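Below is one structure, written out as structure tokens; the observations come after it.
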Amino acid sequence: MDNPLVFFSKGLIPVILLIVILSGLTARRNLYEDFTEGAKDGIRTAVKILPTLAGLMIGVGILRASGFLDFLTDGLSFLTEKIGFPSQLVPMVVVKMFSSSAATGLLLDVYSQYGTDSRIGTTASLIMSSTETIFYTMSIYFMSVKIKKTRWTLAGALTASLAGVAASTWLGMAGG
Amino acid sequence: MLNYLWAFMIIIGIVYGAFTGNLNRVTDAALESASQAVTLCITMAGAMAFWVGMMRIAENAGLLQAAQRRLRPILAFLFPDIPKDHPANQAIAANCISNIFGLGWAATPAGLEAMKYLQTLNRQTPERASNSMCTFLVLNISSLQLIPVNIIAYRSQYGSVDPASILGMAVVATSVSTGAGILFSKIMCLTGRRKHG
């Protein structure tokens, strides 16, 4: 028997699919048409983000090839070692606060450098899954209603992100 | 924001590469990364077609709306300042459900609508965020996404043996970040209330 988290991981998506299909059938919908409509939107979204992703992957690729990312992680390692956080992930965590797609570029770099299933790769996956871009989200949402004083939003956002990063590191670095 | 970040990445890369003698690799890396992005986009298009297609069935079958109704009692706890039948509840619920099921881009329009409603309920000066707004933003930034479809797709593209194996841990990590966000927001709302009477 797998441990509960692994069991959950294996079963979650299939169970959701089953529920979705059954509810589509009971609602007597034309589900295949619904699926293809949604699929069309999904593909459109993926194509729409290609230019952004290409630009940022080029940026990360250049940084990696120049040796700067290694320089940065080596320089940071004495700081992060003490708290048990992998210095290789510092650039990604910092960038994630500002831009999700730029952080994705760095995540993919982590995957190709250290492997998706390594401890670092797993931790990176978890961090990306459990945090959101702080400054981008705040500026879009608050600007839309002309709020200038954001009070404790930033402090709360940082608290939540820090908790997410800590939990990810604990889970990811322990298993791997 | 992205302008500076991106320009900074390229400039630093070229300058640092010139100093360390890695400049010849910079061009290669740029071209190689660009073609990697295209390969990745093809994988992503497949994953997104699959997931958004399935979620469209769920939406049309009324599943997402049912999930939104389930969320109401939780929202009543998180946003005590919003009247029970106010349309802000609906917008916030739609935003949260989209986020939870990994439809992040579909969440933003509902989120902005929610902000508009929250602004009409704002008892601070119109330039100051209300408690509800702060809570809503912290909730959004704490990442509600339970199923990180995009991360799973990236992992499969980059050769993971079991791309979805992170799901269980991801749910735990997301719950921790969201829990911390909610706790923080509740404390701030309560202490604020005491101070202002």
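Heads up, the Cβ atoms here are built off N, Cα and C, so glycines get one too.
Source: prediction; values computed, not measured.
Here is what TrEMBL says about this protein:
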TRANSMEM  B:6-25  transmembrane segment
TRANSMEM  B:37-58  transmembrane segment
DOMAIN    B:42-152  domain 'Nucleoside transporter/FeoB GTPase Gate'
TRANSMEM  B:92-112  transmembrane segment
TRANSMEM  B:133-154  transmembrane segment
TRANSMEM  B:166-185  transmembrane segment
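Outside the transmembrane segment (B:92-112), and at least 6 residues removed from its termini, the chain residues within Cβ reach (under 8 Å) are 51-52, 55, 58, 64, 67-69, 71-72, 75, 79, 82, 136, 139-140, 143-150. Counting same-chain residues at least six beyond the ends of the transmembrane segment (B:166-185), those with a Cβ under 8 angstroms from any Cβ of the stretch are 78, 131, 134-135, 138-139, 141-148, 151-152, 155. Looking only at the domain 'Nucleoside transporter/FeoB GTPase Gate' (B:42-152), the predicted model's pLDDT averages out at 93.
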